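For reference, the structure is listed below as structure tokens.
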């Protein structure tokens with residue numbers, strides 16, 4: 001009887017094997033249940049952001065193409081200066097009522113639909129302009145510009161969204177800077193190219209031919225970029241690039257409310273302060289850019305080409321500033337400190353520009369304008385990224401849309417007011433008017449609480465991974 005109760009050697013070995021197998025299965029189950037979400041970076045992310053930058057460039061180029069040769073278009077179409085100013089301000093005015101439905105569409109339909117609509121509208125607007133190169137067709141050219149301004153609404157809120165959806169946590173600010181870079185480069189080309197392609201000639205037929213060539217070139221580029229967007233642009237990577245983005249994907253569409261998101265943003269005091277300061281800074285940039293031709297021509301008659309080059313200098317310097325600021329943010333994560341420093345230097349740059357404009361030396365204007373552009377234009381991606389940090393996990397398109405809406409409102413106000421001040425007094429008074437608001441913006445920026453929610457989400461995700469790894473090791477040690 002005693003011998004029957006003892007297992008044979010084979011049975012002992014089998015039991016040991018089954019015990020180890022059960023333990024291994026339990027360990028796999030534990031790890032599977034507690035495994036962190038998979039993340040991955042795709043090389044295609046660079047193609048996506050550069051393609052976006054390209055069609056953003058084509059659109060922003062058209063924003064300033066009338067204003068930088070303001071006096072030429074005034075004579076060609078037989079309209080006054082304020083009417084030509086509206087060819088730039090229509091970009092700002094259109095944005096204000098359309099940003100909320102477009103932000104909702106971005107949240108509901110995603111990046112690809114928004115990219116397709118933007119590229120299609122931009123392409124359509126350029127071909128409308130091709131048909132408007134006659135002195136009696138100003139309403140047609142205005143319609144083309146209006147169509148392009150609607151396309152801009154679908155563009156401005158995308159850089160931070162593309163950065164978050166496609167890029168890792170150590171490169172989101174750089175990616176956002178590249179997205180903004182395209183918009184800035186377009187403005188730079190808009191300052192440089194029109195004075196070269198459309199010289200100030202007396203013969204209206206010859207002038208019409210030059211304008212037509214400029215419009216045809218723009219339409220060709222816009223059409224090519226639209227085709228590329230249709231073929232190449234992708235909604236999002238299959239695997240998210242960051243743990244924060246993985247967490248955002250787990251939020252069910254049914255639980256998301258666009259109206260609720262707007263209300264939460266409006267209750268976020270730090271974000272509201274940023275909305276105001278961003279609007280003040282970028283609104284000043286819009287005013288300076290729109291009225292640049294008038295300011296330069298007043299002190300340096302006949303220098304339309306150099307007015308364009310000064311505008312180019314402002315934006316090129318700003319593009320360098322944007323990239324430097326983006327790289328710095330990715331390395332330091334000092335969002336508030338960097339934003340405050342750049343804001344203060346924007347004020348200093350505008351003061352220098354205001355007091356040196358009438359000295360009679362164009363080379364001085366180039367230097368001060370470049371200094372102004374480095375900081376004022378370099379501020380753009382800082383505002384986007386700081387907003388995303390303050391508002392996570394809200395949609396990047398919604399926060400960016402509110403920032404841009406503020407910029408358009410202040411841009412219209414500042415452009416009209418500065419233009420009237422310049423008419424009644426002089427350019428110095430107009431620029432000092434803008435300086436006062438930049439000073440107010442600097443003070444408000446210093447009051448913004450640095451609540452970096454996206455950074456906290458990534459840190460918590462990494463901490464959870466370390467805890468899960470420790471628990472898994474402890475579980476394995478017990479076995």
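Just so you know, glycine gets a Cβ as well, placed from its N, Cα and C.
Along the domain 'Major facilitator superfamily (MFS) profile' (48-453), the predicted structure has mean pLDDT 85. What TrEMBL records for 48-453 is domain 'Major facilitator superfamily (MFS) profile'.
Listed as Cβ neighbours of the transmembrane segment (46-64) (distance under 8 Å, sequence separation of 6 or more from its ends, same chain) are residues 88, 91, 115, 118-119, 122, 125-126, 129, 145, 148-149, 151-152, 155, 158-159, 162-163, 166-167, 175, 178-179, 181-187, 189-191, 193, 218, 221-222, 225-226, 228-229, 232-234, 289-290, 311. According to TrEMBL, the transmembrane segment annotation covers 46-64 (among others).
Taken from TrEMBL, the feature transmembrane segment applies to 84-106 (among others). Among residues of the same chain six or more beyond the transmembrane segment (84-106), those with a C-beta under 8 A of the stretch's C-beta atoms are 63-64, 66-67, 70, 73-74, 113-114, 142, 145-146, 148-150, 152-154, 156-158, 161, 258, 262, 286, 289-291, 395, 397-398, 401-402, 404-405, 407-409, 411-412, 415-416, 419.
Under the heading transmembrane segment, TrEMBL lists 113-131 (among others). Sequence-distant contacts of the transmembrane segment (113-131) (same chain, at least 6 residues past either end, Cβ-Cβ under 8 Å): 52, 55, 58-59, 62, 102, 105-106, 137, 140-141, 143-152, 154-155, 158, 212, 215-216, 218-219, 222-223, 225-226, 229-230, 233.
Annotated transmembrane segment per TrEMBL: 137-160 (among others), in sequence order. With a threshold of 8 Å between CB atoms, the same-chain residues lying at least 6 positions outside the transmembrane segment (137-160) that come near it are 52, 55-56, 59-60, 62-63, 66, 77-79, 87, 90-91, 93-95, 98-99, 102-103, 106, 111, 114-115, 117-122, 124-129, 131, 175-176, 178-180, 183, 381, 384-385, 387-388, 396-401, 404.
Taken from TrEMBL, the feature transmembrane segment applies to 172-193 (among others).
Residues annotated as transmembrane segment in TrEMBL: 213-233 (among others).
What TrEMBL records for 270-288 (among others) is transmembrane segment.
Among the features that TrEMBL reports, transmembrane segment is placed at 308-328 (among others).
Summarising the annotation, TrEMBL assigns transmembrane segment to 340-356 (among others).
The annotation transmembrane segment is assigned in TrEMBL to 362-382 (among others). Taking Cβ pairs closer than 8 Å, the transmembrane segment (362-382) reaches residues 159, 173, 176-177, 179-180, 183-184, 278, 281-282, 284-285, 288, 296, 300, 303, 306, 309-311, 313-322, 324-326, 329, 335, 338-339, 342-343, 345-346, 348-350, 352-353, 356 in its own chain, all 6 or more past its ends.
Among the features that TrEMBL reports, transmembrane segment is placed at 402-422 (among others).
Per TrEMBL, the feature transmembrane segment maps to 428-448 (among others).
Of the recorded ranges 172-193, 270-288, 340-356, the transmembrane segment (308-328) has the largest number of C-beta contacts under 8 angstroms with 172-193. Residues of the same chain lying 6 or more positions beyond the ends of the transmembrane segment (213-233) and with a Cβ under 8 Å from any Cβ of it are 47-48, 51-52, 54-55, 58, 61-62, 65, 111-112, 115-116, 119-120, 122-123, 125-127, 129-130, 132-133, 193-194, 197-198. For the transmembrane segment (402-422), same-chain residues at least 6 beyond its ends with a Cβ under 8 Å from one of its own Cβ atoms are 81-82, 85, 88-89, 91-93, 95-96, 99, 156-157, 265, 271, 274-276, 278-280, 282-287, 290-291, 294-295, 298, 383-384, 387, 429-431, 433-434, 437. Remote same-chain residues near the transmembrane segment (428-448) are listed as 270, 273-274, 276-277, 280-281, 283-284, 287-288, 291, 295, 336, 339-340, 343-344, 346-347, 350-351, 353-355, 357-358, 390, 410, 414, 417-419, 421-422 (criterion: CB distance under 8 Å, separation of at least six residues from the stretch ends). For the transmembrane segment (270-288), same-chain residues at least 6 beyond its ends with a Cβ under 8 Å from one of its own Cβ atoms are 88, 92, 314, 343, 346, 350, 353, 372, 376-377, 379-380, 383, 386-387, 390-391, 399, 402-404, 406-411, 413-415, 418, 431, 434, 437-438, 440-441, 444-445, 447-451. If you look at the transmembrane segment (172-193), the same-chain residues 6 or more away from its ends with a CB under 8 A from one of its CBs are 45, 49-50, 52-65, 68, 155-156, 158-160, 162-164, 166, 214, 242, 289, 292, 307-312, 314-316, 318-319, 322-323, 325-327, 329-330, 377, 380-381, 384-385, 388.
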